[in-house]
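According to TrEMBL, the feature ATP binding site maps to G97, Q98, T99, G100, S101, G102, K103, S104. Sequence annotations record features per position, and here TrEMBL assigns domain 'Kinesin motor' to 3-274.
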Amino acid sequence: MSSVKVAVRVRPFNNREIAHQSQCIIEMDGYTTTITNPKAGPKEQKTKRYNYDYSYWSHTTPDDPNFASQKRVYDDIGIEMLDHAFEGYNVCIFAYGQTGSGKSYTMMGRNETGEAGIIPQLCEDLFRRMVNNMSRDEDLKYSVEVSYMEIYCERVRDLLNPKNKNHLRVREHPLLGPYVEDLSKLAVTSYKDINDLMDEGNKARTVAATNMNETSSRSHAVFTIVFTQKRFDKTTKMTGEKVSKISLVDLAGSERADSTGATGTRLKEGANIN
């Protein structure tokens with residue numbers, strides 16, 4: 001089993017692309033994504049094919065039998081990551097791509113039925129499993145802590161404590177590796193707790209309009225779940241502990257200044273994003 005898996009997803013046209021009568025140049029068949037270059041010369045290769053672990057066709061509507069819904073994306077990617085977390089491994093899911101390509105939608109989704117992204121679905125599934133496991137094993141206990149930060153113009157901000165305007169420092173621990181000094185880490189006991197914190201954090205995120213995207217994320221957002229499992233051994237009278245870290249990352253969109261029409265602050269943001 002590969003330790004790194006790559007999925008690609010194509011979204012529907014937005015209003016700007018519809019107004020320009022854009023043509024879809026991407027096709028998907030199984031794990032294969034085919035890109036056609038409509039401007040290819042006679043000596044250039046017109047189509048290129050790439051194989052990924054997952055190719056998600058979300059360009060059409062849910063009526064299309066090939067349409068990849070938010071649930072399907074989570075079932076393929078999120079469930080496996082959660083399985084590894086319960087086994088004690090650290091896991092990470094991050095979305096990368098051009099601005100306006102659907103990264104925030106895939107990771108966060110919308111507050112509508114069937115529109116939840118990977119992060120809220122994973123958090124809800126996490127607590128569902130915890131409750132089920134503890135109901136079957138009285139010696140098993142769980143604790144969950146979360147943090148939420150954004151990296152904006154190479155500066156770290158705490159999204160769960162937006163009143164703190166100071167930029168946080170990234171440190172290096174000799175055993176645990178990189179960490180963010182003074183980053184809020186809040187204990188949660190239910191999915192509702194996490195959902196409320198995510199809503200507050202999302203409101204504090206830096207977004208702005210560009211020619212490419214009306215609500216372009218101008219920062220990288222990292223939502224981290226520290227998940228601790230404790231089991232009491234009745235034979236040895238000792239408690240064993242297993243700690244996993246789940247990092248869920250929504251990267252700011254990579255962009256070209258001539259396409260986004262960025263100037264001034266937006267141009268500086270784009271340079272830091274890239």
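Cβ from N, Cα, C; glycine included.
Unlike curated records, TrEMBL annotations are generated automatically.
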> Do you know the mean pLDDT across the domain 'Kinesin motor' (3-274)?
Replying inline: 85
> Can you tell which of the binding-site residues (G97, G100, G102) has the fewest other C-beta atoms within 10 angstroms of its C-beta?
Replying inline: G97
> Can you tell which of the binding-site residues (Q98, S104) has the fewest other C-beta atoms within 10 angstroms of its C-beta?
Replying inline: Q98
> Counting only residues 6+ apart in the same chain, whose Cβ is under 8 Å from the Cβ of S101 (ATP binding site)?
Replying inline: R11, G253
> If you count Cβ atoms within 10 Å of the Cβ of T99 (ATP binding site), leaving out that atom itself, what do you get?
Replying inline: 22
